[in-house]
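> What follows is a structure written as C-alpha cells; I'll ask about it next.
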Amino acid sequence: MSTQTVEETRAGSLGYAAGIRTVFGLEMRQRLRGRAWYIMLLVWFVVIGLVFMLAALTISASTPNGSGPVLFEMIVGFVLFFGLLLAPGLSANAINGDRAAGTLAILQVTLLTPGQILWGKWLASWVASLGFLVLSTPFIFWALALGGVNPVEAFVSLIMLAIELGLVCALGVGISALAGRPLFSIVATYMMVALLGLGTLIAFGLSYSLVEEKNVQVTQSFPDYSSQTFDSNGFPVQEELNCITEEVTTSVWHSQRIAWLLAANPFVLVADAVPYDRESDEPETGGFAPTYRMPGVMESISQQVRLAQAGPDYNVTCEESQFFGGSGRDIESEPFPIWPLGLALQGALAGGLLYLGRRKLVTPVRRLAQGTRIA
C-alpha cells in the first residue's frame, strides 16, 4: 500500500478536526500539569502591573489633559514587546522537544496525520500565549476607563495582539519541526522575531540613501517670529503671525518607495491597524488646543509610517512648520494602509515554515539526522 493511501485511510478513520482537537488536548494537559506555565503567568502579571503603575504615575503628572490614551498605548506596546519575547519560548520546542523525549513517534504511528499534529501543537502554543494576553486585559481596561480612548480602538488592539502572538507561535512551531535540536529552534525563532522587529528598521534605514533625490525645488513657509509680541510676563501672545514663503533647492528622500520594508514589523502591523480617534479642537491661532492630546507610542508609530508612505513634502505650510494640532500634513488620506501587507508577509512566512515542517513529520522517514531519537 502506498504512503498516500495510508494517509487517506488515516484521515478517513479519524476526522481532521477531531485529530487536531486530540493533539490540542494532549498538549494543553501537558502544559497545565507543570508548574512552569503558572510561574510565568505570575511573573508576567507582576511585571505588567509594575510597568503599568509606574507609567500611570509618570504620565498622570506630565499629561494634565488626560492620561488614558497615552497610558493605553504604552501598555499595548509593552504587552506586544513582552509577548514577542515570550511566544518563541512557548512554541519553538513543541515538535523537536517531543522528538528528543521520544514521544513524537507515539503520535506519528497513530491515526493522526502530520498536519493534525502540527495544527494541534500550534493551537496549543497560541492558546498558552493568549493566557498571558488575558492577564493583561485588566490593565488595558483600566487605561480604557480613564477616558479618551475609543472602545473600538481597544477591541482592535486586543485582536491584533492576539493575531501577532499566533503568527509568532506559528513561526516557532514551524522552526521546531524543521530543526533537530530544541535549543537551536528556540534561538532561530528569537532571531526570526528580531529580524522582523529590528531587521526591518535597519533595512529601512540603510535603504534611505538609495532613494535620495538631489537639487529639488521645495516651497517652504514659516512664521515670521520677528513680529511676535509678548505680554507683561514675557510670554508670547497667541496671535496670527505673518507667513514667509520661499523656494529652496534641497535634497528629498522618496521614502514611499521603501516604506513596504516596515510592513512586516510587528509593532507597525499592530499600530497601523488600530483606528485612532483623538478628540482635539485646533485653534485658529498659535499654540495647542486645550483638549489636544499628544499621540501615544503606537499612534506615533502609525503616523511615522504613514508619513513614510506619503513621501517627500514639496510644499511645507506654516501649520506644518509649527505642528499645530499634530504634524499639519494630511496623512490620513493614504489610499492603502500598510498593515494588510504586513499581515500577508508574516502569514506567508509562517505558512511556509509550517508547510516545510509538515513535510518533516511525514512517515516513514527516509533520512534521520545523527543522534535523532525515535522512541
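Quick reminder: no glycine exception, Cβ is built from N, Cα and C everywhere.
Just so you know, TrEMBL annotations are computer predictions that nobody has curated.
This is the feature table in TrEMBL:
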TRANSMEM  36-58  transmembrane segment
TRANSMEM  70-88  transmembrane segment
TRANSMEM  125-146  transmembrane segment
TRANSMEM  158-180  transmembrane segment
TRANSMEM  186-211  transmembrane segment
TRANSMEM  338-357  transmembrane segment
> With pairs restricted to those 6 or more apart in sequence, evaluate whether the transmembrane segment (125-146) and the transmembrane segment (70-88) have 3+ C-beta pairs under 8 Å.
yes
> Can you name the far-off residues of the same chain, 6+ from the ends of the transmembrane segment (338-357), with a Cβ under 8 Å from a Cβ of it?
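95, 118, 122, 163-164, 167, 170-171, 173-178, 192, 196, 259-260, 262-266, 268-270, 272-273, 305, 309.
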> Is the transmembrane segment (186-211) packed against any residues at least 6 beyond its ends, judged by a Cβ distance under 8 Å, and which are they?
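For the transmembrane segment (186-211), the sequence-distant neighbours (Cβ-Cβ under 8 Å, at least 6 residues beyond its ends) are 84, 87-89, 91-93, 168, 171-172, 175-176, 179, 253-255, 257-259, 261-268, 308, 346, 349.
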